[in-house]
Amino acid sequence: MPHSDELDSRDVLSVSGLNIAFHHEGQQVDAVRNVSLRLKRGETLAIVGESGSGKSVTALALMRLIEQSGANVRCGEMLLRRRNRQVIELSEQSDAQMRRVRGADIAMIFQEPMTSLNPVFTVGEQIAESIRLHQRASHEEALAEAKRMLDQVRIPESQAILSRYPHQLSGGMRQRVMIAMALSCRPAVLIADEPTTALDVTIQAQILQLIKVLQQEMSMGVIFITHDMGVVADIADRVLVMYQGEAVETGSVEQIFHAPTHPYTQTLLAAVPQLGAMRGHSLPRRFPLISADEPALYESQIEQDTVVEGEPILQVRGLVTRFPLRSGLFNRVTREVHAVENISFDLWPGETLSLVGESGSGKSTTGRALLRLVESRQGEIIFNGQRIDTLSAGKLQPLRRDIQCIFQDPYASLDPRQTVGYSIMEPLRIHGLGQGDAAAKRVAWLLERVGLRPEHAWRYPHEFSGGQRQRICIARALALNPKVIIADEAVSALDVSVRGQIINLLLDLQREMGIAYLFISHDMAVVERISHRVAVMYLGQIVEMGPRRAVFENPQHPYTRKLMAAVPVADPSRHRPRRVLLSDDIPSNIHKRGEETPAVSLQLVGPGHYVARPLQDNALSRL
């Protein structure tokens, strides 16, 4: 049925009176109430709000995917203008018709790429499949286009990446693959649900620039769902603010940032972490929080040095981790990924050492090597005076109580067949630390400490938002009262208020229990807030390391300065300068087998502040 008269000539999407409800334990739970929005060609509409506010549910409803979760969707209208200019009512389309519409006319980039990519197919096959389906291209043409899209999202060694599987890529690279797949068919509307959450600041800036360039070329409408107000200021034309399932304020990006009218919008903006806010402070400080009852900011700024002098609890010496790449007729190892190259550092009790760097720089691999989830090629890992890199699995088991981890992808970390209460209780049972009522009380306490309710223990992972799932993973990591927690992008999926709550919780636990954190993150504003010391990684090596104040207030290495410059600012009047993205600007840590990476030499430039000699590298020479 044509609906062209009901849609303005410049609009590509119009939604009015959207209501979404779920049935839980015999009761109806309203997730979205009476939300309306319009999107014009070439326009970017940002939908912002806290975790659980209904942002992602709204996006899934537009894709007609939410019904598969048992949702009840009621809507006045949901009109889409396809690439061929035909206007259709999305709610009237059959499943077969929607399969033709998805990808070709309306595409979506999901928040968690590992759950969106098929683990049994290569990256190239998955991108090519979408191109073959919607553009009727041959297999060879589709693979060539897939490589071109990987080049556009700046994945190094794109030809080699085509034949790799999702689990062989870092979280940031998987997200770039998702973006390439969504843009491959040049849809009329692109829905981006936290598309840069897993990306470091430099790649994030480049991806945002890429989306804007492609948007201008194709007159594509973009719905950008995010909790990062700096990204909103950088990319959005208009903003829709959601709170508890309702649209509480909408307007141009200038109106929302410079003259917000709703109290929730005002407090949301005030809670945004700003790079440079820690200038003059040497110790970590708590984030200001949003009170749910009264939208005002409050914080405790009592600075306390939690670092315990004496012997480090964790020592890393000359750590090297490499991964083989096979090719050829006989599937021999011909090249290697030099993920971590000769890095050394110490971690003291009660200290937070942050590892920062681009996706693929070796941050996460370092954390996994310390946990013995991947085996290192050489080097020493010493925990509490005991070398652990040579221990057998049986002897390593008791030590796992003292070293816990929080991974980047919460959905992949939780068993979808078990309640979250069982997942949190499982470590207690494995290590014989609690049974029955005692374990249940511990689970209830942990859920409350991370901002959830005790009754949530009976729910399953799919019933929570991405941010809530990450809080569950943090609760599980805290269950055993560890001495060291390796937090791999632990707060990257959380909105600003929940992120602040979790960081404050980590700081409180550090103060109470003396926990040491190895904090792996690409969020420089969060790193500045939580860290005692910072180590900057580039292509598997540490190029700058020192006290947080020294590194942030006086960065010495050009790569560190590049990371600082790429941080988005929550002010639409202060745009980053754009630069041309060059193909040879893509760093790569893939080398021929037997080829050694030149080791960087760290020089002391201040108290505890070490900087590598400038790298002779094409990418860094232009910084």
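Every residue gets a Cβ built from N, Cα and C, even glycine.
The following features are taken from Swiss-Prot:
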type	residues	note
BINDING	49-56, 357-364	ATP binding site
DOMAIN	15-269	domain 'ABC transporter 1'
DOMAIN	325-564	domain 'ABC transporter 2'
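Feature map: Swiss-Prot annotations on the structure.
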residue : record           : contacts (Cβ under 8 Å, 6+ apart)
Gly49   : ATP binding site : Lys55, His227, Val241, Met242, Tyr243, Leu268, Asp495
Ser53   : ATP binding site : Met242, Tyr243, Gln244, Gly245
Gly357  : ATP binding site : Asp200, Lys363, His522, Val536, Met537, Tyr538, Leu563
Ser361  : ATP binding site : Asp200, Met537, Tyr538, Leu539, Gly540
> For the binding-site residues Lys55, Lys363, which one has its C-beta crowded by the most other C-beta atoms within 10 angstroms?
Replying inline: Lys363
>> Looking at the domain 'ABC transporter 2' (325-564) alone, can you tell me the average pLDDT?
In response: 88
>> So, three-state DSSP: helix, strand or coil for Gly49 (ATP binding site)?
In response: coil
>> Can you tell me whether DSSP puts Lys363 (ATP binding site) in helix, strand or coil?
In response: helix
> What is the Cβ neighbour count of Ser51 (ATP binding site) at a 10 Å cut-off, with all protein chains included?
Replying inline: 22
